[in-house]
Amino acid sequence: MALRSITKLETFLKRYSAPTLYYCLHRSTQSSTCNSTNTDNGSHNTNYNSSNNNNNNNDNKRFSWRSAIRFLVPFSLGALASSVVAGDRELMPTISAKTLTNNRRDFNFIADVVASCADSVVYIEIKDTRHFDYFSGQPITASNGSGFVIEQNGLILTNAHVVINKPNTMVQVRLSDGRTFPATIEDVDQTSDLATLRIQVTNLSVMKLGKSSTLRSGEWVVALGSPLALSNTVTAGVISSTQRASQELGLRNRDINYLQTDAAITFGNSGGPLVNLDGEAIGVNSMKVTAGISFAIPIDYVKLFLERAAARRKKGSAYKTGYPVKRYMGITMLTLTPDILFELKSRTQNMPETLSHGVLVWKVIVGSPAHSGGLQPGDIVTHINKKEIKNSSDVYDALADGKKDLDMVILRGVKQMRVTITPEDP
């Protein structure tokens with residue numbers, strides 16, 4: 001910037017100072033010429049003219065240098081000043097930024113919630129004891145989910161579908177600090193989709209249980225868990241509805257008013273806590289329909305399950321086996337009610353307008369019969385063995401029929417396909 005200023009100054013001086021210097025020099029030349037002429041005209045004036053010429057020449061020289069100095073000095077000083085100012089402008093912004101104070105502390109309320117309760121959230125892996133990794137020799141992971149510690153002595157709450165319906169498997173729990181422990185299934189309620197696990201460790205961080213009955217629509221909530229096996233993941237949103245009846249979701253055998261939220265929940269979040277801004281669990285993440293529509297089991301209902309489970313443990317009649325009574329297919333599904341169908345059709349172009357019933361395959365467990373048979377997440381089952389499938393109960397009835405194979409008609413996008421699945425016996 002300083003070099004540019006000096007260059008511009010030199011150009012300016014050449015353009016505007018030249019006439020002044022020329023005038024000074026020209027006047028000096030004229031005086032010399034006149035003096036020479038006078039000298040030639042008469043010798044009697046030689047001494048006088050010579051004296052005058054010397055004086056005039058000295059005066060003209062003084063006049064020329066004084067004019068040049070008077071003209072150049074201000075511009076030189078101006079150039080120096082402009083270069084300094086220009087240099088300062090490069091170092092300082094033209095508009096000073098407003099200083100913001102305490103914004104991070106005042107508005108990072110989500111981070112405060114996470115800091116208060118994240119240590120109690122765990123990652124749950126289901127290991128297939130029949131298949132082993134080629135390099136490590138360890139059982140491969142068949143599925144995964146989330147949970148959270150509710151007692152210091154190692155009691156963990158999660159979803160039932162995370163830990164059951166998987167024969168020849170073992171359950172493994174990883175804590176937030178990275179420690180891993182084998183877990184045993186202690187109690188299961190398939191109707192409410194809740195289960196408890198136990199790991200042999202004490203002094204664990206415990207999640208506080210809040211009240212779901214005091215929630216309001218629009219209230220901020222935080223979902224914690226391990227979506228897609230990415231443990232310690234946090235998403236935030238609001239409560240969309242506090243009273244979403246199970247009948248609206250096609251879950252006819254359940255009497256639960258689910259919490260609906262727009263917090264991002266996906267595979268692996270199941271069983272994790274839905275937390276309010278006080279760091280209290282107000283729900284258990286259970287299922288997702290589509291982006292922005294997910295559901296959690298309200299914590300007030302969960303407390304009833306925990307009370308019944310504690311009573312069964314005292315009587316010695318708690319859940320003993322990790323295996324289901326029903327044949328195993330390896331999917332998590334959701335009934336497509338009219339409301340859910342309307343939402344799906346409004347959010348995606350990849351669904352036939354004529355579709356009026358079916359079951360949405362939400363998750364397919366790797367290595368399961370459904371996975372081997374070709375089912376994929378997002379498929380919609382409309383028929384099994386030539387019978388219409390209108391809700392998840394129809395799928396369970398088909399499993400109980402005793403037929404070896406299930407011939408399914410599915411929709412994958414707008415394309416109709418057929419797949420055959422052979423469920424495993426318990």
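Just so it is clear, glycine is given a Cβ too, placed from its N, Cα and C backbone atoms.
Feature annotation (Swiss-Prot): of 79-82, 111-114, 155-158, 303-306, the stretch labelled motif 'IAP-binding' is 79-82. Taking a C-beta cut-off of under 8 angstroms and a sequence separation of 6 or more, S270 (active site, charge relay system) has the following same-chain neighbours: G145, S146, T158, N159, H161, V162, G225, N285, S286, M287, T332. Less than 8 angstroms from the CB of D193 (active site, charge relay system) sit N159, A160, H161, R254, S286, I297, each of them six or more residues away in the same chain.
Per DSSP, the secondary structure of the domain 'PDZ' (329-414) breaks down as 24 helix, 25 strand, 37 coil. In the three-state DSSP scheme, H161 (active site, charge relay system) is classed as helix.
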